[in-house]
Amino acid sequence: MSLELVCPAGTPSALRAAVEAGAHSVYCGFRDETNARNFPGLNFSPDELVEGVRFAHAHGAKVLVAINTFAKAGAMDAWKAALANAEKAGADAVILADLAVLDHAATHHPNLRLHLSVQAAAATPEAIAFYADTFGVKRVVMPRVLSVEEIAKLNAAINVETEAFVFGGLCPMTEGRCSLSSYATGKSPNLTGVCSPPEHVAYTEDRNGTATRLNGFTIDRFGAGEQAGYPTLCKGRFVAGGKTSYLFEDPVSLNAASLIAALAKAGITALKIEGRQRGKGYVTEVVRTFRAAVEAIDAGGTEVEVGRLLAGLVEGGRQTSGAYKKTWR
Amino acid sequence: MTKTGLTLGPVLFNWSPDRLRDFYARIADEAEVDRVHLGEVVCGKRQPFTDGIWPELIERLQAAGKEVVLSTLALPYNPRERASVLDFCKAGELAEINDLTALPTVAGKPFLVGPFVNVYNEGAARFLAGRGATGICLPVELPIASVSVIAAALPEVEFELFAFGRLPLALSGRCYHARLHGLHKDGCQFVCDRDPDGLPVDTLDGQQFLAINGIQTLSNGVEAFCPTPVELAELGVRRLRLSPHTVDMVAVSRLYRALLDGRAGRAETLAAVKLLGLPGDLVDGFTRGQPGSARVEMA
């Protein structure tokens, strides 16, 4: 069975770009706090989703709808509406994390296929079996704490599909278990679907260059002439034990392209590309390249050939294969 | 009105068995807490050092009239860690689950849910209560407005809030203590034991910000939620949690007990807590609908 390529669609135009570039599936969310990329200018209205699903299906691609935040107490209507709208649009699956949302979906939308979001952080056979047995979850997105060897062992012990991130933004923290952003700003992925939110970001120039701050906390400093990066909290430079360093993670992104064959051997069903905040040009290039790599692997291509295909993507920003290699820890 | 419970949460830091023995002996004899959580919840690599001491500590604390709860690892993934979680749940004491790995094992009998499990709404709380959860310590970032909604929906569940200590904010597959010391997690040399309250993390401009504890990231600020008994009753919260630090935890427990019994006021309690020599400034933003780092207003 060929690997399924799951690609980001932050907007209807990115959806069309991803499908045309060869995505087997795209994932997207509604324009509200029900999804973990709740940024201005992104996401879909219910009508746009209907149109997006129609377009994807006409091209043989699937649409997965991320409803992967934790419902607000006393205000679950938005999450219920998102499930109903996803089913009405003909979505092929919804990606969920919250027990309440999973319970509601399993009870009221028995025909909706359920995937477990990385935000649920299910990393053991026992936890995964619980979600599969209780809610009928069919696929689990792997928490980014597992090595390839551990994913292989996990897949041998479970009987649901697994999906692994291979490219794009990288959280060094276990997703769905991180309140760093709300400690600094009051907003976080679990609470409001955002991390290090733009309305709390400030770039301040002084005689030493530029400081990037998040609600007043300095996340990094850049010299004159250096390009100041976005102050994502866990990618900042801090001082601990007398040392100044990128303590949590360097300003890198994930690129596990060299591990695609190993992930396939480890039993992964689908490869996921992060980047719903990215434009359609980026999406087109990354999706086309990964599709070619997946096909080369299917055809028995060597790592060298696959490496050559992906070489163009490796240039530019710094990259890491993250937790898939044990030395990252 | 029933008396508000006071819990001593699990020790989050890498304390030696000797230190833990001394600590809990004094807690057993002197602390004004009615419930004590034991167990390593942060790092599975630390477990072999402490696994052997829990039975004697359970006995010691129970003999002193404390209710003992075994807290499970928050991020288990290798087979030994998974087995330890399930063993804890079968040990016969009340278990607190910090990850859903343990849920199938505890389901059907009474159990507690720790602050590492994502309970953000009454639906999730109801789901867990339906499986046997009798008490839930809510996530530290949960807005106070959500706390009262959840508690009102499930009067049969004892809801608990994290009230004292550095806030547990994040977990990772990566060990930051090891990384800082140029090591990998697999060969970490247990360097986290040098920082029994966590290692402070400052910004490049010298602002006190966070603290690391192996794979865990905590706040630098020390949570000091000091509600009046009336405020707690209005929230529907029936228990507060004190998280162990190297400061005099017996003194902390006495201050909170007096506060909860209405024998001391908020300002008086905060002033006394501040004098204990804490590792960071007092914060309570999460309990006021603010960023968690917002400082306590003393007035």
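Glycine too: its Cβ is placed from the backbone N, Cα and C atoms.
According to TrEMBL, the features are:
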- B:Cys43, B:Cys175, B:Cys188, B:Cys192: [4Fe-4S] cluster binding site (BINDING)
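Neighbour counts were taken as the number of other C-beta atoms within 10 angstroms of each residue's C-beta; across the binding-site residues B:Cys175, B:Cys192, the minimum falls on B:Cys175. Here the binding-site residues are B:Cys43, B:Cys175, B:Cys188, B:Cys192, and the ones sitting under 8 angstroms from chain A, going by CB atoms, are B:Cys175.
B:Cys43 ([4Fe-4S] cluster binding site) carries neither a helix nor a strand DSSP state and counts as coil. Using the Cβ center of B:Cys43, B:Cys175, B:Cys188, B:Cys192 for [4Fe-4S] cluster, the list of other same-chain residues with Cβ within 8 Å runs, in sequence order, B:Asn14, B:Lys45, B:Arg46, B:His177, B:Ala178, B:Lys185, B:Phe190, B:Val191, B:Gly214, B:Ile215. DSSP classifies B:Cys192 ([4Fe-4S] cluster binding site) as helix under the three-state reduction.
B:Cys175 ([4Fe-4S] cluster binding site) falls outside any helix or strand according to DSSP and counts as coil.
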